[in-house]
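Copied over from TrEMBL:
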COMPBIAS  11-22  compositional bias 'Polar residues'
COMPBIAS  599-610  compositional bias 'Polar residues'
DOMAIN    54-241  domain 'DH'
DOMAIN    270-369  domain 'PH'
DOMAIN    403-463  domain 'FYVE-type'
DOMAIN    489-586  domain 'PH'
REGION    11-50  region 'Disordered'
REGION    588-610  region 'Disordered'
Amino acid sequence: QLQLCCEQPKSCSQTPQWGSNPKEQRTGLESGHGWNYARHSSGHEDRQETNEQKLFKIANELLQTEKAYVARLNLLDKVFYAKLIEEARKDTFTMDVVKNIFSNISSIHTFHSQFLLPDLEKRMGEWTSTPRIGDILQKLTPFLKMYAEYVRNFDHAMDLLKQWTDRSPPFKAIILEIQSQEACGSLSLQHHMLEPVQRVPRYEMLLKDYLKKLPQDHIDRRDAEKSLEIIAMAATHSNTAIRKTENLKKLLEIYEMLGEEEDIVNPSNELIKEGHILKLAARNTSAMDRYLYLFNNMLLYCVPKFSLVGQKFTVRTRIGIEGMKVMETYNEDYPHTFQVSGKERTLELQASSKQDKESWIKAFQETIHISLQKNETFKSAFKDVEEVSISELGKRAPRWIRDNEVTMCMKCKESFNAITRRRHHCRACGYVVCWKCSDYKATLEYEGNKMNKVCKDCFCILTGHIDSEEREGKKKGILEIEAAQFSGNSIMCGFLQYCEKNKPWQKVWCVIPQNEALVLYLYGAPQDVKAQSTIPLLGYLVEDSPRPTDPPVSFRLSQSKSVHSFAAESEELKQRWLKVIRMAVTGEVPKPPEDNHSTEITQEPSSNGV
C-alpha cells in the first residue's frame, strides 16, 4: 500500500515549475474540451498515423498535462498554503481557517508529484518496450477517491476565502502578493483552486479516447477498462461540482472585470445574460454605451472604462430583481428600446436589433417570473406565520413564536438553556429571544402606549436609533438561513434522531432545500434562524443496515473518518429519506417524494412530517 506524505519530492525534476510563459502552461488545461492532442514534428497527417502512434500521443498528452497540473498543485500547496500557514503561526489569523480553505491539497499534491507523475515519466521513457499506461492507472487510480473530500469542501473554501480576504488585511496582502508573481499567470487563487475539481473528469475523457484506439486483444485492455471504471466513479463526485464551478468561474471573471469591487462571487448567484446595450439619456437625445450583467437576483448596470489589459467595467447601479418591471417603449429616433424599472432606478435602454431587444425582454421576464414564483411559494407555505410589518410595528399585536419551535435566540443565534439563557418574547415582533436581546423597552401603541420589553431591532426601529434599511443590509453567514425559509421550499424536511461519532442522540429538524439539493441542513427546531450544521451529501456512502448499538430504524452517512447516524420513527419514513439522499450523494438532483407534505410548523411538528 502506498504511503502518502507531505514531504517535497526527492528530485526537483519531479516537481515541474511554471515556465516563462504561464499562458502557454494554461493552454489546454482551462479549455472546455480538456484535451488537445499535439502533433509530432514528423509531418504525418492523422490519416497516415498508425494506431500505435495515436496511442503514444494520448499517453504523452497525459504526461505533459500531468506535469503542468503538478506545477499548479505545487503553487497551491507549497506557495499559497505554506505562506498563509507561516503567517498564521504569528497569530495574525487562525491556522484552522487556512486548513479549511485548502482542505487535503497537500495529500493530493504528494500523490501526483511523488507517485503518479514519476511513474508516467518512467513509462514514457520506456514506451518502445512497454507501450501501455493502463497498468499504472489501475494501480494508482483508487487514490483518486481523496478528491471527494476536496470537492465536498470546495464551496465552503470559497466562502472562507472571500470572508477572510475582506476581514484580514494581512491575509489579503499575502494572496495579492503571490498572485502578482509570474508563476500565477495573472490568475487568482480561486482560479487555481478550481483545477483539482476539474482534473478527475479530464482523466476520464482521456482514458475513453485511449480505449477507442486500443485493440480488443491488446495486453493493456483489461487494466485500462478497470481504470476507467474507477475513474468514472470518482468523476461522478466531481461532475456536479464542475457544473457549479463553471458558474463560479464565470462569476470570478466578472468579479475581476469589475475591478474586484462587487460582491458577486457567491454560489447562489447565477448569470442569466450579459452584453452591451445603449442607455438613452433622460435630458437629451444622446445614447451612451453601457454593459449589463443580469443575474437571477440582480442587474448590474455598468460603464466601460479604459484598460490596457482587456475590457473593464465600473458598476454604476445595482438593481434588485424583486419588484422589477420590464416593458417595451417606442421612440421615433431610437428603435428597439425598452424600459427596466426597479426600486433603485429606472433605465431606458436601446438594443442593437429587434431580435436583441426581444432576447433581453424575454430574459428579464423569465428571471422576474422565477423570482415571483419563489416568493409566492414561500408565502403560501408559511401563510400562518404572519409577521408584523415595519409600518405596523407596535401598532398591532404580533403572533408569538412558540417556545418549542426554536432552540436558539432568533436574534443573536445563541442556544437557549434552562439557567443562563432562557426564552423571552419580544412584545413588538413576537420573536423568541434571550435576555440580552430583550433588555430594551419601548412604547407600544396597541398596549395603550405602555412601555414593554422588546428586542434590540424593534427598539431601534421604534425609537429611530438606526436606519432600518441599514439593519436589513447585514450579510448572513452560510448557516444563518432560517429553517422556515428552507422548509417551505424543500425537497424533504422533517424530524430525525441524529448522532455524530460517539455523541448522544438528539432530535433535529432536517431540511434538503430545493435550491441546494445536495446539502442536508440540521436545525434544532423548525423556526430556528440558524442551522446547527450542514452536511454536503456529494460523495458520501449510504449504509442502511442498523448497527447493534443503533436504534432499529436507522441509517448512516460516512465519508473518510466522518460518520453521521440518523434514525426515523418508521421504516417507511426512513426509505423516503434514503430515496432522496441516495440520489444526492451521486450528484444527481433528487425529486421530492410524491407524498412529501411538511407538517404545519407553526405547531409542534410530528416526527413523521416530511
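Keep in mind that glycine also has a Cβ here, set from the backbone N, Cα and C atoms.
By the Cβ criterion (under 8 Å, sequence separation of 6 or more), the domain 'PH' (489-586) is in contact with the domain 'DH' (54-241), since 3+ such pairs are found. Secondary structure of the domain 'FYVE-type' (403-463) per DSSP, as helix, strand and coil residue counts: 14 helix, 16 strand, 31 coil. Per-residue pLDDT, averaged over the domain 'FYVE-type' (403-463), rounds to 81.
Taken through DSSP, the domain 'PH' (489-586) splits into 14 helix, 43 strand, 41 coil.
Per DSSP, the secondary structure of the domain 'PH' (270-369) breaks down as 16 helix, 50 strand, 34 coil.
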